[in-house]
Amino acid sequence: MSDTSHEPPASSTESTPASHTPAGVRRFTSARRRSLLGALFLMATSAIGPGFITQTATFTQQLGAAFAFGILASILLDLAVQMNVWRMITLTGKRASVLANEALPGSGYLLAVLIVFGGLIFNIGNTAGAGLGLNALFGLDPRIGGAISAAIAIAIFLAKRAGAVVDRVVIVAGLVMIVLTVIVAILSDPPVGDALKQTVLPDTIDFATITTIVGGTVGGYITYAGAHKLLDSGTTGPEHIAEVNRAAISGILVTGIMRYVLFLAILGVVASGVVLDVAGNPAADAFSAAAGETGLRIFGAVFWIAAITSIIGSAYTSVSFLPVFSAKIAGRTADLWTVGFIVVSLAVYLAVGTAPATLLVFVGGVNGLILPIGLTLFMYIGWFRGSLLGKARYPRWLLVVGTLATVVTWYMAVNAVGPIFDLLSV
């Protein structure tokens, strides 16, 4: 983005402003706080996109309260993945693809191709989700709604200070989305006791479901969204590691709470006997059943906010991997590439024939298949190329946790390939 994004920080320490006046220090502190919150909410809103909302409605209809275990699993895997990825990227001050190339020549190009491919598929789903949101909110044709939403995202990236605009948009949008979902969760009156029990002792465990949810919340580009945003704000080096850890943990807590609240909102409807149309727009059915016409409008607002912020996050992060191919893709040039990415996503969405709800579930699954590849590269760096991470000793417990998460994601991905691709034939 033209103000800070896609450009390497001036220095890893990002020293205090030239003006050491109280006003200058306050501006610097405010900008730093906004950057951290922006990274946190970019990751959080990317992780709670229209795909996750649709997946939650679909799988809650299928599994009931047992789906709570899938959400817990996704949160635990989130912790293992994000704590390692954010730490390594900000310690080195290098983008994931560049760091991967230094550790294993050529792997960064592979990672970039996979992330951009997965991000493009995800963004097609995000655009579809934006269309569904405006359809529920205003009755617009979903394709027209998708086009309008893409135009808004493009306008944000064409703004003079695109990075600062993105920070503010994702923070406000994320807070509004949380408040609206809490309202619906209260109205739907879910069986909280049963949900809490099955969070740790589920009646059934479905690996394809967990893989899809993990893919939709931390898979593909989402893993790197917040970390690359921190790079663009200059939050790099060992002196900022405490800030990075706090931002990563806070982001995961925010997404975890939001996921569970959304699940409870839909569970209350399903537990009351309402059957959701999983081939149509199941989340809209749930919100409508919980609060009538008002619920449908709230769904439209929540779904559109989730979609537009995910369009921003997907496009920004995918393009942030391209400098590994050409250093010229930076600053304003990167903004234009981001605009092009959004345009291509919209064009494919307008041409695709797959039902939007099915597409939204499928894209999460695809990103869940991409996740273990990138995670394996980072674990290789941690265990065997520690010199790339600087002189400070990397926490072994964090590598152990990350390695366990890598093994789990590979196991789930292998077991889920067939069921995930079967979705397209539904």
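The backbone N, Cα and C atoms fix where each Cβ goes, and this holds for glycine too.
Residues or ranges marked as region 'Disordered' by TrEMBL: 1-24.
Residues or ranges marked as compositional bias 'Low complexity' by TrEMBL: 7-23.
Here TrEMBL flags 36-53 (among others) as transmembrane segment.
The transmembrane segment feature in TrEMBL is assigned to 65-86 (among others). Cβ atoms under 8 Å from those of the transmembrane segment (65-86) belong to residues 43, 47, 56, 59, 96, 191, 194-200, 202-206, 209-210, 213-214, 217-218, 223-224, 226-227, 230, 244-245, 247-249, 251-252, 255-256, 259-260, 263, 267, 271, 371, 374-375, 378-379, 382, 398-399, 401-402, 404-405, 408-409 of the same chain, restricted to positions at least 6 beyond its ends.
Sequence-distant contacts of the transmembrane segment (107-124), counting only residues of its own chain at least 6 positions beyond either end whose CB sits under 8 Å from a CB of the stretch, comprise 49, 51, 96-101, 219-221, 224, 310-311, 314-315, 317-318, 321-322, 324-325, 341-342, 344-345, 348-349, 352, 359, 363-364, 366-367, 370, 373-374, 377. TrEMBL lists 107-124 (among others) with the feature transmembrane segment.
Annotated transmembrane segment per TrEMBL: 144-162 (among others), in sequence order.
The transmembrane segment annotation in TrEMBL covers 169-187 (among others).
Cβ atoms under 8 Å from those of the transmembrane segment (207-227) belong to residues 39-40, 42-43, 46-49, 51-52, 55-56, 59, 62-63, 67, 70-71, 73-74, 77-78, 81-82, 85-86, 89-90, 95-96, 114-115, 118-119, 122, 247-248, 251, 255, 259, 313-314, 316-318, 320-321, 361, 363-371, 374-375, 409, 411-413, 415-416, 419-420 of the same chain, restricted to positions at least 6 beyond its ends. Residues or ranges marked as transmembrane segment in TrEMBL: 207-227 (among others).
Here TrEMBL flags 248-276 (among others) as transmembrane segment.
Positions annotated as transmembrane segment by TrEMBL: 296-322 (among others).
Positions annotated as transmembrane segment by TrEMBL: 334-352 (among others). Only residues 6 or more beyond the boundaries of the transmembrane segment (334-352), in the same chain, are considered here, and those with a CB under 8 A from a CB of the stretch are 1-2, 5-6, 119-120, 123-124, 126-128, 131, 143, 146-147, 150, 153-154, 157-158, 162, 311, 314-316, 318-320, 322-323, 359.
Annotation source TrEMBL lists transmembrane segment at 358-384 (among others).
Per TrEMBL, the feature transmembrane segment maps to 396-421 (among others).
Tertiary neighbourhood of the transmembrane segment (144-162): same-chain residues 1-3, 5, 127-128, 130-135, 138, 169, 304, 307-308, 311-312, 315-316, 335, 338-339, 342-343, 345-346, 349-350, selected by CB-CB distance under 8 Å and a gap of 6+ residues from either end.
Same-chain residues lying 6 or more positions outside the transmembrane segment (248-276) and placing a CB less than 8 Å from one of its CB atoms are 39-41, 43-44, 47-48, 52-53, 56-58, 60-61, 64-65, 67-68, 71, 74-75, 78-79, 82-83, 86-87, 174, 177-178, 181-182, 184-185, 187-192, 194-195, 217, 226, 282-283, 285-287, 289-290. Packing against the transmembrane segment (169-187) from elsewhere in the chain are residues 34, 37-38, 41-42, 44-45, 48, 156, 254, 257-258, 261-262, 264-265, 268, 287, 290-291, 295, 298-299, 301-302, 305-306, 308-309, 312-313: each is 6 or more residues past its ends and has a CB under 8 Å from a CB in it.
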